[in-house]
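Below is one structure, written out as structure tokens, with a few remarks after it.
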Amino acid sequence: MRTIIFRTIAPYLSALMVLFSIFVLLRGHNEPGGGFIGGLIAASALAIFGVACGVASVRRAIVFHPMGIAGFGLFIGALAGIVSFFKGQPFMTSQWWYLKVFGVEIPLSTPLIFDIGVYLVVVGAIGSIALALEERESD
Amino acid sequence: MAGSPVSVDYSQAMNLSAVPAGDWLVVAPTLITLLGGSLCLMLRKNTDLQPKLGIGFLALLVLANFGLLVRVLDYGVISMVMGSWLPPFGIAFTVDALGATLSLIGSIVALCAGIYGAASVDNTGRRYGFYPFLLLLMTGVCGAFITGDIFNLYVWFEVLLISSYGLLVLGNDRIQLDGAVKYGVLNLIGTNLFLIATGLLYGIFGTLNMADLAQKVAALDNPASGTLATVAALYFLAFAMKAAAFPVNFWLPASYHTPNVVVSAVFAGLLTKVGVYALIRVFVLILPASRGYMADVIALVAIATLLTGALGALAQSELRRLFGYLVIAGIGSMLAGVAVGSTLAVSGAIFYAVHSIIVMTALYLAAGIMNLMSGSYDLRKLGGLYQKSAGFAGVFLVLGFAVSGLPPFSGFWPKVILVDAAFQDGRAWLGAAILVSGFLTTLAMGRVWIYAFWRGGPEGTPDGQSVAAAGTDTGQLSGAAVWLPIGILTALVVYFGLQPEWMLELSTQGATGVVEPLGYLRSVFGGEG
């Protein structure tokens, strides 16, 4: 698998895939996409990088252990539901904030935070499975 | 919806009235464990911090559940629908006395396990996530007790199953993987049946909200016919698998003796009881007519489960397998309550579930202590424990009396109620089976006590002599983390035995709430007093 072409291309490919996964994540509220599918794309980016350049370099690149990333995703996903507490609304009621940056309206919301949580959970969980399998292979 | 000029009448779809902050207690148990579990997961390399965080969040969980129970007793059934959507479209969490009671008792048991785990789970176990898994397991358990949506119940089952797989293989022994495969395969089949039945139910009624389902089933002309029979049978099989009822009970003794004893303790206390809870919820609340015509089948299964459990316990000499069979015998008692189905019987089943959660966890923790004292779980190699600790021998005797249903401990009252309910319903055989099973359990526990505590030493020790066996204790026995949990649980066993009024009141209220679900329905859909 570790041909020179693949090894040269893989880092760029992975970077592009991560970028694309974030694009898919952000467009997800009203259009096809979202945290889950974005997370899957990002996890496959990690897997490709791992196949090409070794699992150790992936682990260095993402700094945190994948399970830690998944834990963080779960944490902010749960926090996103609590925001409505302060408005006297039930758990998980969505809250929206419309920011104006240079005349462009940017809608931010708790569903987005929740979606980012889902994204991180999927990246962490699938990524750690993929990395564990690749590690086993290279033993 | 960003800046759209069209005015939308949100009140058609959403609940726009303010929710009192106290109602957030409904989601507090799942939220606390979810946040705690994810925090522990992020910090899992920090093995010193793990027990502190884990026990802290579990203590918070107990407090939240206590608050929830008090609120349910004050205000009646409370509902919260996620995201403000109106039921039956929004997913409702609906807590009645039944759910709140079991959730509270379950969290107390989990707290005890968390404390015991501080002594018995080593750093490797902590790094591989004992506390995150325990907390997320409690998310699933509390969520299952609290939710008012049957698909959501399935989701919580999955959450607790996935966490339980993690706990089961913690340590990665060959025997653990063997146990996990048996446990996993049967539970997967059970979950699939659950899902299929839920799909069928949705196909018939177009709703998954339990209160809505209960109304729609009750409104049918002939609620005991047709496809509903299939649904009821599928649900019964699925939950019987989860609860380890005869004849799908074999996975329990095959897997519960493999993991760390504190994991077995949590499993024995909680997992099967969630199955029984689901059975009560679905058969008594949603499908009462199906329960009516399946009553004979359920009674037969209950009798077989009672006897298999008690006889199996008599035949075992491995402590943890033996206790596993006692869990099964207890499930038989609770099934007997479901088979009879009167308010009295269901309240007996609920009280028995509470008793069984506490006493089975305590027994497994006691098995762990016996192993620390003499280095084995095998009755043939145990002995002389009375000389090592007379106090512990007394505690074990209390637990043995309780699990056999002898007064004055917690097992006595639910058995009295169940036997009484069975005779009132004209099912003398069922009552007799409960009594016979209790008698056999007494024998099995007496056997354990005589061999492990009275006998001077391991098998072959001459009468009158005492041979002290070497334990595996490496200082745990001198710490509070081992003794505090079993102390709390035994105190509860004694308390519920001597002062049963509180729990009797709670279980009667819980049973009334599912047998006559008017309060449950009103809490979800509102409606006039």
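Each Cβ is built from the backbone N, Cα and C atoms, and glycine gets one as well.
TrEMBL annotations: computationally assigned, not manually curated.
Since the structure is predicted, the reported quantities are computational estimates derived from the model, not experimental observations.
Feature list (source: TrEMBL):
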type: DOMAIN; residues: B:149-441; note: domain 'NADH:quinone oxidoreductase/Mrp antiporter transmembrane'
type: TRANSMEM; residues: B:24-43; note: transmembrane segment
type: TRANSMEM; residues: B:55-78; note: transmembrane segment
type: TRANSMEM; residues: B:90-116; note: transmembrane segment
type: TRANSMEM; residues: B:128-147; note: transmembrane segment
type: TRANSMEM; residues: B:183-205; note: transmembrane segment
type: TRANSMEM; residues: B:225-249; note: transmembrane segment
type: TRANSMEM; residues: B:261-287; note: transmembrane segment
type: TRANSMEM; residues: B:322-344; note: transmembrane segment
type: TRANSMEM; residues: B:350-369; note: transmembrane segment
type: TRANSMEM; residues: B:390-409; note: transmembrane segment
type: TRANSMEM; residues: B:429-454; note: transmembrane segment
type: TRANSMEM; residues: B:475-498; note: transmembrane segment
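In this chain, the transmembrane segment (B:390-409) touches the transmembrane segment (B:429-454); three or more CB pairs sit within less than 8 A of each other, excluding pairs fewer than 6 residues apart. Same-chain residues lying 6 or more positions outside the transmembrane segment (B:475-498) and placing a CB less than 8 Å from one of its CB atoms are 108-109, 112-113, 115-116, 118-120, 354-355, 358-359, 361-362, 365-366, 368-369, 372-373, 395, 398-399, 402, 407-413.
Beyond the transmembrane segment (B:225-249), the same-chain residues lying 6 or more positions past its ends with a Cβ under 8 Å from any Cβ of the stretch are 157, 186-187, 189-191, 193-194, 196-197, 200-201, 204, 217, 271-276, 278-279, 282-283, 287, 289-291, 294, 297-298, 301-302, 304-305, 308-309, 327-328, 331-332, 334-335. For the transmembrane segment (B:128-147), the residues of the chain that approach it from at least six positions outside its boundaries are 26, 29-30, 33-34, 36-38, 40-41, 44, 50-51, 53-54, 57-58, 61, 65, 91-95, 99-100, 102-103, 106-107, 110, 113-114, 117, 121, 153, 155-164, 166-167, 170-171, 260, 263, 266, 270, 274, 277-278, judged by C-beta separation under 8 angstroms. Take the transmembrane segment (B:24-43) and the stretches B:90-116, B:183-205, B:261-287, B:322-344: counting Cβ pairs under 8 Å, B:90-116 has the most.
A contact between the transmembrane segment (B:90-116) and the transmembrane segment (B:322-344) is absent, since fewer than 3 of their C-beta pairs, 6 or more residues apart, lie under 8 Å. Distant neighbours of the transmembrane segment (B:261-287): 98-99, 102, 106, 109-110, 113, 116-117, 120-121, 130, 134, 137, 141, 144-145, 150, 153, 157, 160, 164, 167-168, 170, 210, 213-214, 217, 223, 228, 231-232, 235-236, 239-244, 252, 294, 298, 320, 323-324, 327, 331, 334-335, 338, 341, 346, 349-350, 353, 356-358, 360-365, 367-368, 371, 514-515, 517, 520; these residues of the same chain sit at least 6 beyond its ends, with a Cβ under 8 Å from one of its Cβ atoms.
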